[in-house]
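Trainee: What follows is a structure written as structure tokens; I'll ask about it next.
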């Protein structure tokens, strides 16, 4: 959102300068707009592994949902490359990075980065897209669900990339692009078709051990990102030789495929069971808002999201990411953390609201299409709004 003009201009100049250095891309595993490249290979072979490893005694709903996923393989692959071409993406793809030891992307960990920090990471994006995918799947929107799931698999692939797990960008080292180009040219040599065991063992058994989907996703991402980060320091820097890079690439792509196969198995289990998460306490939410695709739908005014609990406590957040928020036809995502790590019971929420506040005496109207709120790996609020906000206005959403 264009709030603080001087700060925004400085951020823009800084980011444009970095784009010229980094080539305007995070690079990571390669992916083409048409659903080909390394990311697509990882997604496809992850599903192939699951099909080949599927125990024949799996429940009927598991088998049926895997068949649906097979039917929409093309959408899975398209989703797996889309984040690199999303017109609403961060200019430096900051959310494609995740250091498992700090929990941050490079905007918080690398001292040379002086623009506004980005709090989305590859880990948070995996959880967001998988949750949105599960929500659409359970409504029968399989094509959209699979495309969203593919986007989650993109970020899962990114955190398996050694340079991304170590928060080493093209600014930090020319090896970033060189290494990933090296791997792209050899990706077919690293392809797998099985995890080496069926779905009653190994990665598949591990994938369903923790019944809390949201917790498991974080644990899974941290586990594999640690492997990727270790590979960076042991075999992937500019100090290492071609044999080291070949070993690193083989291990990293193997981990990406194995990780994907396990994740797809867990996802299929989630959508095959009528279960409700028992964890209703949280200090973090993820709100996703879609601005309408109409002329003048966007706004530069301040936008807030909040809710009230049955004890009268009110919580509200100013929705402001780096760059421009609430542009025409743009989907904006915000990680909302409750102050002082206070845990909120989502069952106690009685109402939600969206509030627009003028920044100048003249209102900059805004048309909101829809909103979704994520908590603990579940969509707990989804509503089509389709409303124009004028002036200082509050829109209440009853639970």
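Backbone N, Cα and C atoms are what each Cβ position is placed from, and that goes for glycine too.
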Trainee: Of the ranges 267-274, 275-282, 283-290, 291-298, which one does Swiss-Prot flag as region 'Linker'?
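Mentor: That would be 275-282, per the region 'Linker' entry in Swiss-Prot.
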Trainee: Near residue 325 (Ca(2+) 3 binding site), which of the binding-site residues 154, 176, 298, 364 can be found within 10 Å, Cα to Cα?
Mentor: 298
Trainee: Counting only other Cβ atoms and using a 10 Å cut-off, which of the binding-site residues 96, 154, 164, 176 scores lowest?
Mentor: 176
Trainee: Rounded to a whole angstrom, what is the C-alpha distance between residue 164 (Zn(2+) 2 binding site) and residue 158 (Zn(2+) 3 binding site)?
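Mentor: Each residue's Cα considered, residue 164 (Zn(2+) 2 binding site) and residue 158 (Zn(2+) 3 binding site) end up 6 Å apart.
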Trainee: Spatially, and counting Cα to Cα, which of the binding-site residues is closest to residue 176 (Zn(2+) 2 binding site)? Options: 96, 320, 323.
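Mentor: Nearest in space to residue 176 (Zn(2+) 2 binding site), counting only the binding-site residues, is 96.
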Trainee: I'm trying to understand the geometry here, so how far is the Cα atom of residue 320 (Ca(2+) 2 binding site) from the Cα atom of residue 84 (Zn(2+) 3 binding site), in Å to the nearest whole number?
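Mentor: Cα to Cα, residue 320 (Ca(2+) 2 binding site) and residue 84 (Zn(2+) 3 binding site) are separated by 22 Å.
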Trainee: Can you give me the Cα-Cα distance between residue 154 (Zn(2+) 3 binding site) and residue 321 (Ca(2+) 2 binding site) in Å, rounded to a whole number?
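Mentor: So the Cα of residue 321 (Ca(2+) 2 binding site) lies 22 Å away from that of residue 154 (Zn(2+) 3 binding site).
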Trainee: Using DSSP, break the domain 'PLAT' (283-399) down into helix, strand and coil residues and give each count.
Mentor: 6 helix, 67 strand, 44 coil
